[in-house]
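First up is the structure itself, then whatever we jot down about it.
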Amino acid sequence: MYVALEGVDGAGKSTQVELLKNRFKNALFTKEPGGTKIGENLRRIALNENISELARAFLFLSDRAEHTESVIKPALKEKRLIISDRSLISGMAYSEFSSLELNLLATQSILPAKIVLLVIDEEGLKQRLSLKSLDKIENQGIEKLLHIQQKLKTHAYALREKFGCEVLELNAKESAKNLHEKIAAFIECVV
């Protein structure tokens, strides 16, 4: 089963991934972008080079295609639990040029069976971002991140509607422990 954790920067995805690693020791943990060696290089170029937004979108789609072929497909064939920090949902939410059709092509229409969506309000986001050094995306401001969060929700629920992906939306301001228990129960429903 393929599970994706989604949320804007600062929502607590990384914390939840670490907690899940302790609980699901046999699962394959991966991330997008950068879940492969090629993906790490593509991610570095996409985030650090002065390139057009369209070129950046295609770098991330290339990463997604390689990640699907070399990580997701083999793990699904082995019937492993896959837990991914981000997925095509983030690809569509963070880019102006990344359509569902292009992402379905890149992922060979392999979608997460379950999507965990961590949602945080403006106050919580400001508080969390004040505690860390900001990257290029986070430096675009709270309003931009809230806009991206809305797009994450839109895309997650569109996948539920069109393809039957299950979505668990959680308030990221809950305690890490409470969130972890809810996420683990959601995953364990099928595992």
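Each residue, glycine too, has its Cβ placed from N, Cα and C.
Keep in mind that TrEMBL annotations are predicted by a computer and have not been checked by a curator.
What TrEMBL lists as ATP binding site is Gly7, Val8, Asp9, Gly10, Ala11, Gly12, Lys13, Ser14. Per TrEMBL, domain 'Thymidylate kinase-like' is recorded for 5-183.
In the three-state DSSP scheme, Gly7 (ATP binding site) falls into the coil class. The binding-site residues examined here are Gly10, Gly12; by Cβ neighbour count within 10 Å, the least packed of them is Gly12. Its Cβ placed at the centre, Val8 (ATP binding site) has 28 other Cβ atoms within 10 Å. Residues Gly7, Val8, Asp9, Gly10, Ala11, Gly12, Lys13, Ser14 make up the record's ATP site, and a Cβ search at 8 Å around their centroid adds Leu118, Ile120, Arg128, Ala172 from the same chain. The Cβ of Ala11 (ATP binding site) lies under 8 Å from the Cβ of Leu118, Val119, Ile120, Leu125, Arg128, Gln149, Ala172, each of these being in the same chain and 6 or more residues away along the sequence. Lys13 (ATP binding site) falls within a helical segment according to DSSP. Spatially close to Ser14 (ATP binding site) yet at least six residues away along the chain are Asp85, judged by Cβ distances under 8 angstroms.
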